[in-house]
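Look at Swiss-Prot and you will find SER994 tagged as active site, nucleophile, backed by sequence analysis. The nucleoside 3',5'-cyclic phosphate 1 binding site annotation in Swiss-Prot covers 179-306. What Swiss-Prot lists as domain 'PNPLA' is 961-1127. The N-linked glycosylation site annotation in Swiss-Prot covers ASN9. Per Swiss-Prot, the feature phosphothreonine maps to THR345. Annotation source Swiss-Prot lists region 'Disordered' at 338-395, 1286-1355. The feature motif 'GXGXXG' is assigned by Swiss-Prot to 965-970, with sequence analysis given as support. Under the heading motif 'GXSXG', Swiss-Prot lists 992-996. What Swiss-Prot lists as transmembrane segment is 44-64, and the listing cites sequence analysis.
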Amino acid sequence: MGTPSHELNTTSSGAEVIQKTLEEGLGRRICVAQPVPFVPQVLGVMIGAGVAVLVTAVLILLVVRRLRVQKTPAPEGPRYRFRKRDKVLFYGRKIMRKVSQSTSSLVDTSVSTTSRPRMKKKLKMLNIAKKILRIQKETPTLQRKEPPPSVLEADLTEGDLANSHLPSEVLYMLKNVRVLGHFEKPLFLELCRHMVFQRLGQGDYVFRPGQPDASIYVVQDGLLELCLPGPDGKECVVKEVVPGDSVNSLLSILDVITGHQHPQRTVSARAARDSTVLRLPVEAFSAVFTKYPESLVRVVQIIMVRLQRVTFLALHNYLGLTNELFSHEIQPLRLFPSPGLPTRTSPVRGSKRVVSTSGTEDTSKETSGRPLDSIGAPLPGPAGDPVKPTSLEAPPAPLLSRCISMPVDISGLQGGPRSDFDMAYERGRISVSLQEEASGGPQTASPRELREQPAGACEYSYCEDESATGGCPFGPYQGRQTSSIFEAAKRELAKLMRIEDPSLLNSRVLLHHAKAGTIIARQGDQDVSLHFVLWGCLHVYQRMIDKAEEVCLFVAQPGELVGQLAVLTGEPLIFTLRAQRDCTFLRISKSHFYEIMRAQPSVVLSAAHTVAARMSPFVRQMDFAIDWTAVEAGRALYRQGDRSDCTYIVLNGRLRSVIQRGSGKKELVGEYGRGDLIGVVEALTRQPRATTVHAVRDTELAKLPEGTLGHIKRRYPQVVTRLIHLLSQKILGNLQQLQGPFPGSGLSVPQHSELTNPASNLSTVAILPVCAEVPMMAFTLELQHALQAIGPTLLLNSDVIRALLGASALDSIQEFRLSGWLAQQEDAHRIVLYQTDTSLTPWTVRCLRQADCILIVGLGDQEPTVGQLEQMLENTAVRALKQLVLLHREEGPGPTRTVEWLNMRSWCSGHLHLRCPRRLFSRRSPAKLHELYEKVFSRRADRHSDFSRLARVLTGNTIALVLGGGGARGCSHIGVLKALEEAGVPVDLVGGTSIGSFIGALYAEERSASRTKQRAREWAKSMTSVLEPVLDLTYPVTSMFTGSAFNRSIHRVFQDKQIEDLWLPYFNVTTDITASAMRVHKDGSLWRYVRASMTLSGYLPPLCDPKDGHLLMDGGYINNLPADIARSMGAKTVIAIDVGSQDETDLSTYGDSLSGWWLLWKRLNPWADKVKVPDMAEIQSRLAYVSCVRQLEVVKSSSYCEYLRPSIDCFKTMDFGKFDQIYDVGYQYGKAVFGGWTRGEVIEKMLTDRRSTDLNESRRADILAFPSSGFTDLAEIVSRIEPPTSYVSDGCADGEESDCLTEYEEDAGPDCSRDEGGSPEGASPSTASEVEEEKSTLRQRRFLPQETPSSVADA
């Protein structure tokens, strides 16, 4: 190979090697020093040695002098002797002095004068080192915490059999007897004595048609099938009864108790396999009620409540059935026959059945304004005391109640044990004043007064003392003595109600005469009465689901009672009473009826029997099939992958839905509250359960089995239309809630639990203080005041409970009674606030057990800390979601260190900052505090206050503001914000993209459009600078600019603010180009994520996420108007402002190929026709924004979004110098739009609670969207009916079967009819939804095309 040059180089000097290396690496020459002569080298060595000797001599001299000073003898002084204790004290003081000096230097207190210069030097050197090394104090970041197992996991034990010492039959019976309420131990043991075992072989019948229906059957082991006969004589299995469940009918139990027992007609139950059944005869209850008569009223009341809530809720509210639920074959009682009057009780065939509520009825068009006469029989009392005029039509309830403490006031019952009748009294929502109790009754009326009522009606009242000489002035009784008519009517009423002492009716009954067209009571009225028809008839109407029309349920004839169901249950009236022609009736108020029941409890049986007699045979069948189910806290209702065989309706309590991913990770999907429909999509589509649903707290549900639904579809095919509506509403709701334009791809929102706000549709809220310094009473009163503007609110604390229910109310023996009483209060109020004690008392435990959500309240100006009560709470499995609420003084600084508050706690679902009025922090005694808030409650709550914002969050009425991206055009956001403030629209949540994230962050920090405008104008002015961008230019590998100048401009605005420290909840959107996904930022450094959301490709480099290092770009590429994100965070209404550029859509068609020279000629030639063809840059831009455009179309067509777009198309993206012009355009546009909203009452509807306006519709979509299908497929799924079992029933007589299965003939009633197919005649076409009706005509938006469902026959 020869001698290479490489070998020669190895022998070269080291200087030459270094020279060559540096020349190759740096690309420039390095001059190497030449070798020096020998003589100068020797001279240098000599000079160095001399210097070293000189330094050594100096050091030796200094050491010698120091030693001489130490050897100098000191003058001897007196030598002292010390005792041991003095030495200990001396050295002890010396040590303590040293310790005090060291600690004082640590806390920067007064130190000695000698140490101060040292400390200053140390600090100065430390600062210099920080500047050199650029050491910065890192701001704390929010720690990612997963929800605890108690939130995401249900209990593994599904029953109490393994953990209980009681036998299974006792537990099963206890569980199923609870359907009739809680029985004390002696009552339950008395019932268990009547329990009988019954063993059945496969195919054996438990009962068959024709046999007595007088028992409750509980399955201990095996399987029972509940069957109903079909049209072809075959039996259809409508329900399978597993061990632990029961077969019973509340109406049948009521018939036995009231003494009107009937045999089974159509229902049968047989054993699907060998089974053991426990039978409890209903006669056992009669024996118990003989010993404990007060329990009778309570049990009957519970039966009525569950009949109304379970049966009517499922069949009417969700399946749309109306007059199919009531019988029309009741024979009227002729009390005062009048010739020529019809006696029919059912609607007339061929007459109009549907009445429009928007217009006037045919029969009442001319008589609606006629007066209403009534002759009253007042209660005796002191002479001369006038009675207040009463009106048949109750006035609407006030919007704001001044009740601060418990509104139920029952005189004489406080402080003592609660009896069953007391519970029934409160269930009926009766309030008895102390004055009435003391005086023996209400005050009497003055003789013969005629008063004008507010509704335009007249009341004629008189005293019984003068009635002997007075005659009846109206109706068929003209000329007869009023007293004789009144006494005869009272005798008939006493006979009907089986009142042993007729004097109980004295002073408690009013005689009324209503002119034709008068509305006696309206649907939804709370203050109801009992009406006993004497002459004429009362028509009972009910509002149809999703239509502004009413349907006639039945006609009450003479001798019938109306309104007894609402009187017994205490629930609002479920129908409207209207006198279509002149009618005379007796009226007993609810309070008077309960006074009669207190004197004679058996009266409740007669009233309940009249309700049961009105129920149709179909309702009796459904009473067997539809179950009332109770689920204890922590127990799973069903698990993911289970078979979908039923649908549930939440009656009381709260459920949580959790999904388990393929990786095994569990995530929170949503929560369900009162009135929500669960599992309907899975049940109708025959899909396995998509998630696991467990109870957050003790929950009651109505269970609608799959077989029962199939039977209803066979009997009433019009139900299919309603099911199609329900199912399409659920699926459409899921489609609207899909985040991102490509569901299932990486461009959609990751389904994390923090991206949803399950704290909505709450019924109960527990309030827990962090420390004793939190003004809990004032805070709860402020929150109650804000909630009262939304709906009835109740505040409970331990003092209120003891005052109302007695000192022993919190004892364990009273647990079931207290639970029942609290459940009543939750039913009667929109939301109940539970104020805990400052320690872990039994009341605190009860509050946490009852809570749907727990608010942890702390003081924002204190050091972040965890309270002792919270630490105790961590050791218990609390399933309710927790939210942190920090209170701040009105004039104090803004929020800080929120991250530290959150990091030291376990998982919280969210946090809120509240700016509180001064009165909340004032120190007052409880009496003075209540006196102060009495005045506060007399005023309406400010909708812009932070407590009103918290109230909207808790009730699910949050209003979100979403600001889109568009460069300088985003300055118009501030003008719209100013107009929004002037219109009085509150904002509870702010989000945005690009420039929208910048403006939104300013508004979330300032909460004032004026201050937001001032700070945004300063920043826009800096954006017009030319020098800074020029200095920021760089070599364009990734971007044209380094981003440093833009970073400084954003940092100057927000400093080191954290997103968690903003006043309003805030989020923004970025595009993660590392993971090809959309990122939603709700915590972290504010300026960084705002900058990331404003990062345009090519101009600025992507921002590195400080959390995971992912590269973040402008969120406008994927979601320029993130209204769907705000919706997923719990917003009811989203106001979305779009300022993006409008792309040209009218492009030229140039054929299959395109020549660039041709385009150049077209552009240069002034006489050629201009062509519109995008260049390469525009094509790339359009490709980048494809998903954004599609997402925008989805947002614009959604029902929850108020889409706004100012006229800003004439401004360019970088026109920041035209800030004031763009602001004025937005302001003028906002004034015009919000002015139209004010005139159209859109704002008021926006602030109205959705539970009060949308009672008939489910508020929550089901858990997961199933594969999309066409409308024909949807109809096929819903209308699919399983063939009945091939078993021919031979135990039901033809006549008996026809009584229940044949459609009734409508032969009476002036305005009710039904066509052959069962669908209503004359029904108007389905109108748009209520949400669409609220939209302002000034909005610019695009609607989804409405699809018309096919006919029921086609389905």
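Just so it is clear, glycine is given a Cβ too, placed from its N, Cα and C backbone atoms.
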Practice problem: Find the average pLDDT over the domain 'PNPLA' (961-1127) in the predicted model and report it. | Solution: 93
Self-check item: Fewest other C-beta atoms within 10 angstroms, as judged across PRO243, GLY259, which are the binding-site residues
Solution: GLY259
Quiz prompt | Outside the transmembrane segment (44-64), six or more residues from its ends: residues with CB under 8 Å to it | solution = none
Exercise. Other Cβ atoms within 10 Å is the metric here; tell me which of the recorded positions GLN211, SER275, SER994 scores highest.
Key: SER994
Exercise. Report the same-chain neighbours of LYS291 (nucleoside 3',5'-cyclic phosphate 1 binding site): residues 6+ apart in sequence with Cβ closer than 8 Å to its Cβ, ordered by sequence.
Key: GLU190
Exercise. Determine the minimum-neighbour residue: among MET195, CYS227, listed as binding-site residues, which Cβ has the fewest other Cβ atoms within 10 angstroms?
Key: MET195
Self-check item: Distance from the residue listed as 'active site, nucleophile' back to GLY259 (nucleoside 3',5'-cyclic phosphate 1 binding site), taken between C-alpha atoms, in Å
Solution: 74
Quiz prompt | Euclidean distance between Cα atoms of SER994 (active site, nucleophile) and SER275 (nucleoside 3',5'-cyclic phosphate 1 binding site), Å | solution = 67
Exercise. Using DSSP with the three-state reduction, classify LYS291 (nucleoside 3',5'-cyclic phosphate 1 binding site) as helix, strand or coil.
Key: helix
Quiz item: For the residue listed as 'active site, nucleophile', which of the binding-site residues MET195, GLN211, CYS227, PRO243 has the nearest Cα in space?
Solution: PRO243
Quiz prompt | Secondary structure content, the motif 'GXGXXG' (965-970) (per DSSP, counts of residues) | solution = 4 helix, 0 strand, 2 coil
